[in-house]
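S.K.: Right, I'll just put the structure down here and ask away after.
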Amino acid sequence: MPDSEPSETEDRKDDHVRIIREEDVESGGTGLGDVRLVHEALPDVHYDDIDTSIPFLGAELDAPIVIESMTGGHANTTDINRALAAAAAETGIAMGVGSQRAGLELDDEGVLESYTVVREAAPDAFLYGNLGAAQLKEYDLETVERAVEMIDADALAVHLNFLQEAVQPEGDVDARGCLPAIERVVDGLSVPVVVKETGNGFAAETARRLADAGVDAIDVAGKGGTTWSGVEAYRAAAVGASRQERVGELFREWGVPTAVSTLECAAEHDCVVASGGVRTGLDVAKAIALGARAGGLAKPFLEPAASGTEAVVERIEDLKTELRTAMFVTGSPTVADLQETDYVLLGGTRQYVEQRGD
């Protein structure tokens, strides 16, 4: 391993984990609180017979739960990724790593291990890689395949985070040409491609463009969970970038709420992951009723991961129990049945959906 100071990218990854753990970076307002599943008093199913498994990008998961892309790119994150991956394997759910740009561009064995550890810890789990759309424009297909090979990935997520980049002191704000770059990767990559937001969600129009580009899944990552604008505001404050700090604070609440984004994306694509402020198995159930294939969570796993694999497993089993209970009291023996269950929209989410539908 080279004897050198941490790179700017490594420092940024370490900052992100620290800020998310220590600071108030929740935006709130997922809209899931406005979703009411209709109770079935005669569910006509045995609780123990409820099947939470789903098909997902050519594989089968034991439950429609995804550990969302969080970290990697700094030696300090290796243990976190190890715990997350091992827990995903033990519980039969999917997991993504954070952006692999550092692993591709830095000659550092410690950085590389922060990614490769996931496949070592989870030989049979569904794992997906992660690159930014801005990087796809710079990388040829062979380089993108290296990201897949790095963790023997089952899929690749391409993240869109241009609000974060606009606030980030060292951000890349050239958003031109991303869709053609995504299409090129979709056409040539050896594994399925998921396009995901990073806390600001997708509107239907963007989801339609992605569906037309042939992406295999859309991860909404809507407004309501971790606000990366807020995270970058803390980083900007730390380096005295006061203007970017103010912009970051101003846009903390920006985006399409998770519930709305899930509805709009599910109308355009048949494989949607609902994430962004998803915190419980009931939230997952609501998202599936809105049309999602699965629900994704990130921050709720961060503290358990610091304690080790078993703490993450316990959190996942809690989610599974909450989801199974929601399926039971809606009379949904399978996840496909849950997708068809009745729900009611209330409050601001109903207003948002009605206005967007006009």
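All positions are counted from 1 along the displayed chain.
Glycine is treated like the rest: Cβ placed from N, Cα and C.
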S.K.: Hey, Swiss-Prot has FMN bound by S69, M70, T71, N130, K196, T226, G277, V278, R279, A298, K299. Any idea which of S99, S332 it lists too?
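M.R.: It is S99, as the record lists it for that site.
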S.K.: Going by Cα-Cα distance, which of the binding-site residues (S99, R101, Q164) sits nearest to T226 (FMN binding site)?
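M.R.: Going through S99, R101, Q164 one by one, the closest to T226 (FMN binding site) is Q164.
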S.K.: State the Cα to Cα distance, in Å, between S69 (FMN binding site) and R101 (substrate binding site), rounded to an integer.
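M.R.: Between the alpha carbons of S69 (FMN binding site) and R101 (substrate binding site) there are 13 Å.
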S.K.: Across all chains shown, how many C-beta atoms besides its own are within 10 angstroms of the C-beta of V278 (FMN binding site)?
M.R.: 34
S.K.: Counting distance between Cα atoms, which of the binding-site residues T71, N130, E165, A298 is nearest Q100 (substrate binding site)?
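M.R.: Answer for the nearest of the binding-site residues: N130.
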S.K.: Near E165 (Mg(2+) binding site), how many other Cβ atoms are within 10 Å of its Cβ?
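M.R.: Taking every protein chain into account, the count is 19.
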S.K.: Looking at Cβ-Cβ distances, which residues of the chain lie under 8 angstroms from Q164 (substrate binding site) while being 6 or more apart from it?
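M.R.: In sequence order, G171, T198, G199, W228, S229, V231, E232 meet the Cβ cut-off.
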S.K.: Give the sequence-ordered list of residues that share a chain with A298 (FMN binding site), lie 6 or more positions from it, and have CB atoms under 8 Å from its CB.
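M.R.: In sequence order, the residues whose Cβ lies under 8 Å from that of A298 (FMN binding site) (at least 6 apart) are I67, E68, S69, M70, G225, T226, S275.
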